[in-house]
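Q: Quick one: this structure, given as structure tokens, is what I'll be asking you about.
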């Protein structure tokens, strides 16, 4: 990527329109500042004075008649929109017609604040082929710019302008700028420098205090403002008689400018700080500018960009101004039909319009049956394609490989999986890429396609009617789903996989024997990617590219001038896809390789650790001194004394007595130190142990985490995905160690640029264009076949009229039967309700009309881009049903009564469930309708039919289009979708002769007929003494492949089902175990409850017995008490009798 987001120029260097580019007139040019003056005091004289024009010498300074008209129009518009507080520009002198018309003048750089403000048209979108090739040599980026910018950074010796342009303080002329100052910059571009744009001169613009003021009025779009000439630094440029406007202005160009309405006064575009902007040059013809990167082909874009909304806003603002003016001119009066506040509140909300996607249709606008192409034809077709200097011819052999009778079939599932460079292949690759006898006369290259299955293509790109809404909203263009395996040389250089022909390895005579170059392709593909293409059964020769190579020296030998032919093959690589069982075997092999690698790394790490420990132990043995308590210096030998002194880093020289004294002194010092350390050690031992443990734990955790991350990274590289794919092992040593492989979609390959100026990138881009054209032709032919099979539109109308007449007759008969029957009693009340409902509906319609008046005014001026074909279709249906409205009004009461009886059935009829029955036709339309608008315009569909190479006439195409076109649009969903009730869809196949259009009517050479007659018997070959029909074998092979794919799919479904059943069985077993455990617990609890019951029953019996015993004892006690009481009563009675007797006796 370049420094500025993929472009070589910074943002300020690419702000040019299609007819306006920035180019300095000369080096060292200074633009006079207009910042010092206020917009309120500008006049035409001051503007002319700023431009270097005065009225003292009118003979030398005269404008053309068209310029005078522009100045007068500016004065009129400015007076019309004048305000009381603002002074506008005024024309104070009459300009005369010049004596000589200026035809060719150099362009003048205008500040954008004073230049035209006409809205710039958006880039037109066709097939997104870029600028014409004729201007490629002139579209190189300009090396020098003169502009104004703001200082964003400033250091001691250098600074930056607009964050992109580097300047040194030595390049500053005059006053040193500060951060935020506006400066005039002269910069040059150098791609070899760290900062691509370097300023040669910097000059601070004066009047910085007024640079932040905003203009009070916007300059009208139709006025060309006075021109400010550029001057050199410090020197005022002398005006010249023939360089007043420095632009070619014609009378034809002034007419639309004068007719353009001015912009509103109070709406100002938001400007940056200051009035001066990067200059814009006005020229009569497009000047060479740097080509911007083309937008993606398969993105949602419109042909006219945002012009329509701008025009619509202009019209609405113009109407608002006209209404305000009429209100200001007319006196205040009471409206005769003033709306009441209640009515204002009761107004129904404005109807929300359905959001229609932007119409985007792209296709190649040339005949797609061209078998060859030269330099000029390539330029005309692909204006964005870089063409190598040695190229001179290309043969498009795909036209013969995929004729109209046998087109290419999408939907063959295939995918690639690129392995990491550290992962080695399970099988050793013995293929040779560059043999010593490699001959550059022929090269064979392959383009390997990866594609989803047909069902996935339908669901992901077509938005089928039966799909859920979220899946329909996430559609993708088929060109994004079809992908190719390409080689990558460097960072962004795509290349086709292949190499040069070798006579010793591939065989001789490649021009006669087609199998020679196929062997070359197999060998080179095996060497570069590890893919064995020998399994492929069909090799389609897609294109041949020829280069004229001059004489050169290759590997020390001189190669004469020759023609190199590059053949691009398109094999059926999906036959190389491993089966499910083979894929499982490969997955186990790579897992085993991962285990072996991890074990080898672990052993290696353990061996290194043991060696380090051994080395450390030896060093410790040598360097560790003996403890002082174990030494007796007087009894030691001289050598032992010297070793101990050396281990303690002391001098070992001298006599024995000196050595003894030196060692004794050192031992005493060690003894004292050790005593001190023992005291301190006892205090710090506990703290050190805790710290060591925590540090060791942290190191261990960090080591384990790193090992786990490394293990997961290794597993991601070695573990294969679930779905089978062709494994790719790029040869990292090829192409000077810069080779890699990538899977890129067709849309990405089509989005090439002129900067892709490599020969191998040219081949890939050309193949992408040819493959896209092949798909366009096949899908276009599919549309053509469907149009042929449709009946004429008149037959449809007749059938519809007959069915309508029959329905009317049935309704009339039913109505007569209802009249004969007795009327219900409450019919009158029902009629009254119907009348009330009619009145309410009329009131609502009036309200809707009042609310939609403004919308109707805006919609009257809409052009074809604002035309909604879906609404047009509804309106057409309403016109067709207008005749039935009278009958419906008469039968309204009967229908309403009928609806009350059967409301559910009517609802079902109103919203039928749609189903896509013709998926192939839907995909054909969707390939062109990239934004899924649901329709194709008649002009686009007509051009698509012309590009098919069927040589159809306009009358034939018009007749076909009349079958399906409604108001200049073809709604293809009516052809592909139907309700579930009418799901039985039968297609009438057209004759084979009609499929070829008018090609059979063209004169054919006799040579081709003879070759065709000879080719009829090519399908029969002799093999082992028997005649073999290759065509039938291929058909059987295709059938067997389809059966195999279906069997594998069913097997996969069964495996998935088996896995699900295994999971359910496991869940059932787990639940059974849990239930059995619960059952055991319940039984245990039951046993305990039974034991408790027995204990409680025993206790109950004991209590009952005790209670009975207690009752018996109590009864005996009561009896005893009663007997005792009786005895006492008898004794008391006896005493009473005795006392009575004694009393009577006394």
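Glycine is treated like the rest: Cβ placed from N, Cα and C.
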Q: Which one of 591-615, 641-665, 741-765, 766-790 shows up in Swiss-Prot as coiled coil?
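A: The listed stretch tagged coiled coil in Swiss-Prot is 591-615.
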Q: Six or more residues beyond either end and a Cβ under 8 Å away: which residues meet both conditions relative to the compositional bias 'Basic and acidic residues' (671-684)?
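A: For the compositional bias 'Basic and acidic residues' (671-684), the far contacts come to 628.
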Q: Determine the Cβ neighbour count for residue 682 (phosphoserine): the number of other Cβ atoms within 10 Å of its Cβ.
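A: Looking across every protein chain shown, the total is 9.
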Q: Going by a 10 angstroms cut-off between Cβ atoms, which of the modified residues 453, 694 has the sparsest surroundings?
A: 694
Q: On the three-state reduction of DSSP, what should I expect for residue 682 (phosphoserine)?
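A: SS state of residue 682 (phosphoserine) = helix.
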Q: Taking only the recorded positions 453, 634, 682, 694, 1131, which one has a CA atom nearest to the CA atom of residue 1063 (SUMO2 cross-link)?
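A: Nearest by Cα distance to residue 1063 (SUMO2 cross-link): 453.
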Q: Given the recorded positions 453, 634, 694, 1131, find the one whose Cα is closest in space to the Cα of residue 682 (phosphoserine).
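A: Result for residue 682 (phosphoserine): the nearest of the recorded positions is 694.
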Q: Does anything in the same chain, at least 6 positions from residue 1131 (SUMO2 cross-link), have a Cβ under 8 Å from its Cβ, and if so what?
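A: Residue 1131 (SUMO2 cross-link) has no long-range Cβ partners.
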Q: In whole Å, note down how far the CA of residue 453 (phosphoserine) lies from the CA of residue 634 (ubiquitin cross-link).
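A: Their Cα atoms are separated by 95 Å.
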Q: Taking just the CA atoms, what is the gap between residue 694 (phosphoserine) and residue 453 (phosphoserine) in Å?
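A: Answer for this pair: 57 Å between alpha carbons.
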Q: Measure from the Cβ of residue 634 (ubiquitin cross-link) and count the other Cβ atoms within 10 Å, all protein chains considered.
A: 10
Q: Just counting, how many other CB atoms are there within 10 A of the CB of residue 1063 (SUMO2 cross-link)?
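A: Its Cβ shell of radius 10 Å holds 10 other Cβ atoms.
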